[in-house]
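Asks: Questions regarding the structure given below will be posed in turn.
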Amino acid sequence: MAQTNSVGSNGVADESPNMIVYRKMEDVIARMQDEKNGIPIRTVKSFLSKIPSVFSGSDIVQWMIKNLNIEDQVEALHLGTLMAAHGYFFPISDHVLTLKDDGTFYRFQTPYFWPSNCWEPENTDYAVYLCKRTMQNKARLELADYEAESLARLQRAFARKWEFIFMQAEAQAKVDKKRDKIERKILDSQERAFWDVHRPVPGCVNTTEVDIKKSSRMKNPQKTRKSVYGPQNDVRTHSPTHTPAPEAKPATEEQLQDQINYWGGQLDRHRLKMSKVAESLLAYTEQYVEYDPFITSTDPSNPWISDDTAVWELEASKEPGQQRVKRWAFGINEVLKDQVGREQFLKFLESEFSSENLRFWLAVQEVKKRPIREVPTRVQEIWQEFLASGAPSAINVDSKSYDKTTQNVKDPGRYAFEDAQDHIFKLMKSDSYSRFIRSSAYQELLQAKKKYGGIQDRRTSFEKFTRNVVRGHGFFWLTNGPVQIKRIHCFITLSFPPSPPLDTGMVAFHDHLFQGLVNMYCASPFLPF
Amino acid sequence: MCDQTFLAITFGPCDSCSENRPLMNLYIKTEPINYCSLCMEIMACQGLASGETLKSLKAESETLRKKLEEERKKLHDVELEKVAEKAEALGELNMKTRRTLKGHGNKVLCMDWCKDKRRIVSSSQDGKVIVWDAFTTNKEHAVTMPTTWVMACAYAPSGCAIACGGLDNKCSVYPLSLDKDENLAAKKKSVAMHTNYLSGCTFTNSDMQILTSSGDGTSALWDVESGQLLQSFHGHSADVLTLDLAPSETGNTFVSGGSDKKANVWDLRSGQNVQSFDTHDSDINCVKYYPSGDAFASASDDSTCRLFDLRADREVSIYSKDSIMFGAASVDFSLSGRLLFAGYNDYTINVWDVLKGTRVAILFGHENRVSSLRVSPDGTAFCSGSWDNTLRIWA
C-alpha cells in the first residue's frame, strides 16, 4: 500500500513513539504549572535561607488524583515517579528520582532540559559538570560516591584533554558565581536533575534507553551534536515536540493503481452488522468462560497457585474429563484440536465405516506440515489412497474440485488438495460431525457411563469428594495424592461389581472409606480391608 | 506561434527523434536535454498528461477509501460496550506473581510458552536465549547467540526445538537435546534471511515451517529443513513489528502489525493482503488473535489497545485511559477471550474487560518496561518479560 500522509487529530504530524509520550507528559506538566488550576508553587522559609519555587510530594499526588482521573494513590505515585524519572520534576535533595506522598520538596525542570529536546549528552559534558561541582565549595554540592567514582573514571579516560575540560569547568563556575543567589540555587538543582536522568544513580532505571527498533527513527531537532554547555543563544522556553515532520514521499502511479485495486476489492467484501458481531463475541466468551482459569477456578486447582500439577496430569491421561468432552460439542474445530477428540471421532467413524473423509482431511493437514522435500511423494500417496480411480479409501468430491485436484497433482505443492479438502471439511462439519455428537459413543463419554469410563469418573468424583472431606479434616492429601488414589481405585474394584449405579455405590461406602482413609494416612500404608 | 520561434544555438541530431533539426537546449534537474521543438512539445504534453493521471488516480483512490469508510460505518449500528451491558460482571480478580525467573543479564525482549504448559523460552538484549521450566524455575538450556538484541524467539510445537533471531537479520533454529552437556550452538540451523532485524517469529503448527516478520517491511514463510522461502508477504510501508497466526485448524491466515500504524491480515497460501486496519496513531507493537479467530487485538505506542473484528471489518473497541500515557508493548487474551492482558512501557500490566471496555486490574511488580506478555497454552497463567532482566508468572 502506498504511504498516506497521515496527520494526527490535532494537526500534529507524524511523531516518533518517544515523542508521543513526551508530548503527553508535557501536556500534564503544563496543566500542573497552570496558575489557576495547577499545583501551588511557593518559596519556603527554612532554617537560614529560603527554598525557592517548590511544592511538596503530596501536593502532586493530590493534584493528580483530582485532575487526571486516577482512582488511587498507588497509581498516582507510580505515574508521578515515572514523570520524575524522565526528569520533568525532581526532589530537590535527592539524586534518586521518585515521587513520595509526603512533605518532600520538588521543583519543576526547565524546558531547556526536557527529554523531548533529544539530549544525548557526551561524557565530556558530564566530566565538565562533575569538575565544576568540585570547584564549588559548598557542602550540599559535594559529590556523591557514585559521582566521585565516575569523575575518577572520566579523569583517566580523558587524561589528555583534562586541561581543556578543567578550563571549561572554571569558566562555568565563574559565570555561575555572578548569578543571583536564588537563581543559582534553582539552576543548580535543575542541572543536577538533568544529569540524574542521563547518568542515573547505579541501580536506578535509565529512562533514556530506547528500543532499538525505534531508535533509527528518532527525530532529532538538533541536526548537529549539541553540547550541553554550548553557546547559550539557543535558550528554549518550550519543547519542540510540536514541530512538523518532513513530508512523506509522494506516491507513484503504480502504487496508486495498486491501492485503487485494493480498495475496490475491499468494497466488495461482505460485512456483518455490528450488533451481530457483538452478540457473537458475547456468546463465545459465555460459552468458554467456565474453561477460563482466570475467571472460573480450575478443578483440580491451578498448578501455579497450589504447586500441584494434578490438572496437567489429568489432561495428559488418555481418558478425557467430562468438561473436556463437553467442549467437543462446541464446534468441529474443538474436536479436531484435541488429540483425544480426534481419536474418538475417528473411532466413531470407523465403527460406521465412513472414516475415509476424516482420514483424508488429517492426511492433507499432515502434508502441509512436512518439509517441502517430502511433499511430492506424500501428495502422490494421498492421491493413490483417496482419489485415484479404484482408490482403497475413495472419498466423494464434487467434479469441479476433482478436476482441479487432478491438475494440481501433476505439479504437486503443499496446497494441491486445497479445494478437495475444503469440500470434505464442509461435508464433515454438516454430516459426520453432527452424527458424532448425537452418537451414543459420544453421549456415553459425556455422561461417563462407559464401562472403564464409569469407574474413572467415579474415581474422579470420589477423588473430589474425599479431597474435600479429607481436606476439611486437616489432612494433607494433596501432596500424597496420586499414589493414594491408585490404592483406592484397586480397593473399589476388588470389593465391588464393575458398574454399579454411581450414587448408591458412593453412599454405601463413604463411612467405611473415610475411616479407611484415616487409617491410611495416619498409620501404615496398607489397605484396611 | 511564439514557442515556435526561438534562438537556435545548436543544430544537430535530436536526442529523441534523431533527426537533424534546430535544437532547444534545456536543463531538467541539471540534466541537459537537447530536443527539437516538436519532441519538446510532445514531452511537455506527456508530462501534463502524467500529472493529470497522477492527480486523477489520487482522487480516485481517495474516493474509494471514503466510500469504504462509509460502507463500514453503515453497519455500525451499536457499540460493543452497549451490547456487553447484559454480560455478567467479572468477579474480583486476584492475580499475583507466582514465580520470578531470574537469570538474564540484560533486558528480556521476548518469550514463548511450550505446548507442555510449563516450559518457556526467553531471549534478551545480551544475546542469551534461555529455556526454563517455569514451574520449578530451573534453567534447562541456554544458548548464546552471536548477536545482541535477540528480539524474537519461539518454541516449536513438538517442544524439541526453539527458534530465535534479532539484529543478525536471521532466524535460527536450535534443536533441544536432552543431553545437558551438549553444545546447542553446534546444531544451529539458519533458516530465514531478511535484510533488516528480525522482529518476530513463530512456528506454523509444525516444526517444519517458520513464519517471520522483519524490520525490512516484509513477512515470510520458510521451510525449516531446506531454508527455502515458501512465501513472502509485501504490503507494509515500514518495519513489521509483530505477527500472530490465526488459531483455527482450517485457518490459513495471519495478522501483522507495523510501524506504518497498519494491521494487515494475510492469506498464507497466496501471499495476498486480505484485510487492512489503520486506525492506530502510532506503531503497532503487538497483535494477537481473539481465541475464536474472528477478531484480534493490537497494542500500540499511542498507549491504546484496540479490538478489530474481521467480520465487521472495523475497529470495535478501544482500551485506553488518560492516566495511561506510555505505549503498550504486548497483549494477549485469556482463554475465553473475556480478559485482555496488556504490558506497557510504564512498567505495569493492565487487565481489560474485552467486552465492557473497562480496566479490571492494574498489576505492579516489574521495575522497567514490560516487553512481552503471553498467556500459557491452557490459560492457567501468563508470563511477562521485562527490561528489568526478569520474567514473572502471574496467576
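Along the chain as shown, the residues are counted starting at 1.
Backbone N, Cα and C atoms are what each Cβ position is placed from, and that goes for glycine too.
Bear in mind that TrEMBL entries carry predicted annotations, made automatically and left uncurated.
According to TrEMBL, the protein has these features:
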COILED    B:54-88  coiled coil
REPEAT    B:101-142  repeat 'WD'
REPEAT    B:191-232  repeat 'WD'
REPEAT    B:233-276  repeat 'WD'
REPEAT    B:277-318  repeat 'WD'
REPEAT    B:330-362  repeat 'WD'
REPEAT    B:363-395  repeat 'WD'
Asks: I'm a bit unsure how to read this: which one of B:101-142, B:191-232, B:330-362, B:363-395 has the highest number of Cβ pairs shorter than 8 Å with the repeat 'WD' (B:277-318)?
Replies: B:330-362
Asks: Within the same chain, where does the coiled coil (B:54-88) have neighbours whose Cβ lies under 8 angstroms from its own Cβ atoms, ignoring anything closer than 6 residues to its ends? I mean 6 or more beyond.
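Replies: Residues 307, 312-314, 316-317, 355-357 contact the coiled coil (B:54-88) from elsewhere in the chain.
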Asks: Among B:191-232, B:233-276, B:363-395, which stretch has the highest count of C-beta pairs below 8 Å with the repeat 'WD' (B:101-142)?
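Replies: It is B:363-395 that shares the most Cβ pairs under 8 Å with the repeat 'WD' (B:101-142).
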Asks: Along the repeat 'WD' (B:191-232), what average pLDDT does this model show?
Replies: 94
Asks: Reported in the order helix, strand, coil, what are the DSSP residue counts of the repeat 'WD' (B:363-395)?
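Replies: Summed by class, the stretch gives 0 helix, 17 strand, 16 coil.
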Asks: Could you tell me how many residues in the repeat 'WD' (B:191-232) are helical, how many are strand and how many are coil under DSSP?
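Replies: Residue counts for the repeat 'WD' (B:191-232) by secondary structure: 0 helix, 25 strand, 17 coil.
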